[in-house]
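Asker: Have a look at this one before I ask anything.
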Amino acid sequence: MEEDFFKLILITDRQNIPMEEYLDFVSACVQSGVTAVQLREKGLSHRELLSFGGALKSILDPLDIPLIVSDSVSVCLDLDASGVHLGQTDGDVIEARELLGPDKIIGWNVHTLDQLLNANTLPIDYLGLSALFATENKPEATDLWGFSGLEQAVSLCEHPIVAVGGIDESNAGNVVEAGAAGIAAIGAFHSAHNPGLATKALREIVDRGLRC
């Protein structure tokens, strides 16, 4: 697993897509430049998450691409996933680190500056800054970070920042140039007519921005 696994994260949103079709989609994205996959399926049971996660791991493990589980330490442990991405209401980060050990990835979502500052002392690997811009997947998000908020967050944060929310080819370069270590997205992948080509283009944009 590369240290910069958070460079380009695909967040899942399978909905009613048949499993084999969705796995083909994920495979195309991974082969074209996605550096990690985040399993985020709010409506699934623990058992269903294990089934879906196991199918994803069959694609990701041979390529050494990490699978990060949203919200659930127990699913992460049962899957032996690479890590977990926790929100503010998903439990205690210190307890999660004790359960997962030192080698699992822990991402921590923040929505406010106070949450970001509090995260500086937490045993996490990266911080998810959400939401950066308006997005259909989180219509309830009103306090958006924007570019100015991102730049302030980068100057104050002790952890790598992964920007989340409303990021696509039109703004991804500016996001990483502003200091984000990576981006995570749903729509930029799922709404693409050709997911493989869209991923390749997005990865090239991110790589250029990180070199600036």
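Cβ from N, Cα, C; glycine included.
If you look up Swiss-Prot, you'll see GLN38, LEU39, ARG40, GLU41, LYS42, LYS138 marked as 4-amino-2-methyl-5-(diphosphooxymethyl)pyrimidine binding site, on the strength of sequence analysis. Summarising the annotation, Swiss-Prot assigns Mg(2+) binding site to ASP71, ASP90.
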Asker: Any idea what the Cα distance is from ASP90 (Mg(2+) binding site) over to GLN38 (4-amino-2-methyl-5-(diphosphooxymethyl)pyrimidine binding site), rounded to a whole Å?
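Answerer: Answer for this pair: 16 Å between alpha carbons.
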Asker: Measuring Cα to Cα, tell me the gap between ASP71 (Mg(2+) binding site) and LYS42 (4-amino-2-methyl-5-(diphosphooxymethyl)pyrimidine binding site) in whole angstrom.
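Answerer: One finds 9 Å between the Cα atoms of these residues.
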Asker: Using a Cβ cut-off under 8 Å and a sequence separation of 6 or more, which residues in the same chain sit near GLU41 (4-amino-2-methyl-5-(diphosphooxymethyl)pyrimidine binding site)?
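Answerer: Once residues fewer than 6 apart are set aside, GLU41 (4-amino-2-methyl-5-(diphosphooxymethyl)pyrimidine binding site) is near THR12, ASP13, ARG14, GLU48, LEU49, PHE52, SER70.
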Asker: Among the binding-site residues ASP71, ASP90, whose Cβ has the fewest other Cβ atoms within 10 Å?
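Answerer: Least crowded of the binding-site residues ASP71, ASP90, by Cβ count within 10 Å, is ASP90.
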